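Database features, via TrEMBL:
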ACT_SITE  211  active site, charge relay system
ACT_SITE  342  active site, charge relay system
ACT_SITE  371  active site, charge relay system
DOMAIN    128-377  domain 'AB hydrolase-1'
């Protein structure tokens, strides 16, 4: 028995040591890496680093600035898939009810605006308004969006008013024009921003974009420069290099081929079928059979999105949709939060050198989190909510003072 006991004790010690050193390695790599322009001599209020260092302990305080991932979400793709599987989850952090408003665009297309806790009608209000722009196929009903809306409205100092802008045909928004949304055209976002600024002229306005929504946000900020009603903005899992994103999403892999792509494609195809008559009502002739047989986002973009906007194929569309150069012209405090293990928008696509040269831009990089996931804790909770809230609370409230 003594020999067996010794063997078992040795095995337990080995397992314990493996768990300890494995956990220690993960924790050691979990620290936030902040990339931003250095502080100027006068620590200008417009410098993003100054805002973050003074107001965002979750990004700079050594005791808080880390994301230790949920241990059973083994890698970035698992984080990403988990994010999509809990999309309709309801719990105390996400149980909200929106107030919906329809906004008609210049081409008669429709964008729905979902307000939380409500739109309100006081044009004199100084309560900050935060616009949320969702990703490809996303909507206000997704768990991470509902969780963010409730967090900003209830746990920030300024108790922000949140409005989620659902893309054409998404989130039960009727498609009233043959033109769908994409990662390139910022006209709908510009309309929504201007409209909200008109409704609440005294309120500071922020914006949070997820994935493709973040790409639109970066492009919009670059196009507008200093001529935008937005006060500050945050991107989560921003693509920047859309061509790299396209290649990453098309990369063969068991989880990508059998879980992630089928889930995304199912959502996109439902949108197409639900709005097929309207899509076909325009002058462009689509191969609907090829669209419905598409197994990857790039194949659908090739048959639908690229044709809609006059590109020869999806790769020309992705190249046009990239926002690397847009970073140079951003003139509002902008923070991107991305994970190094993101399988969809790889960290290699982040233009770190450009971001570090522009005092209005910063990136908070974490080792783990996948695409939009960022789950931490044994019972997974979304880590990015706190840094987003800290940053917007500081940038928006300071502007109103």
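Even glycines carry a Cβ here, placed using N, Cα and C.
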Cβ contacts of residue 342 (active site, charge relay system) (under 8 Å, same chain, 6 or more positions away): 76, 80, 237, 369, 370, 371
Around the Cβ of residue 211 (active site, charge relay system), the count of other Cβ atoms that are within 10 Å: 25
Neighbour tally for residue 371 (active site, charge relay system), based on other Cβ positions within 10 Å of its Cβ: 30
Model confidence over the domain 'AB hydrolase-1' (128-377), averaged pLDDT: 96
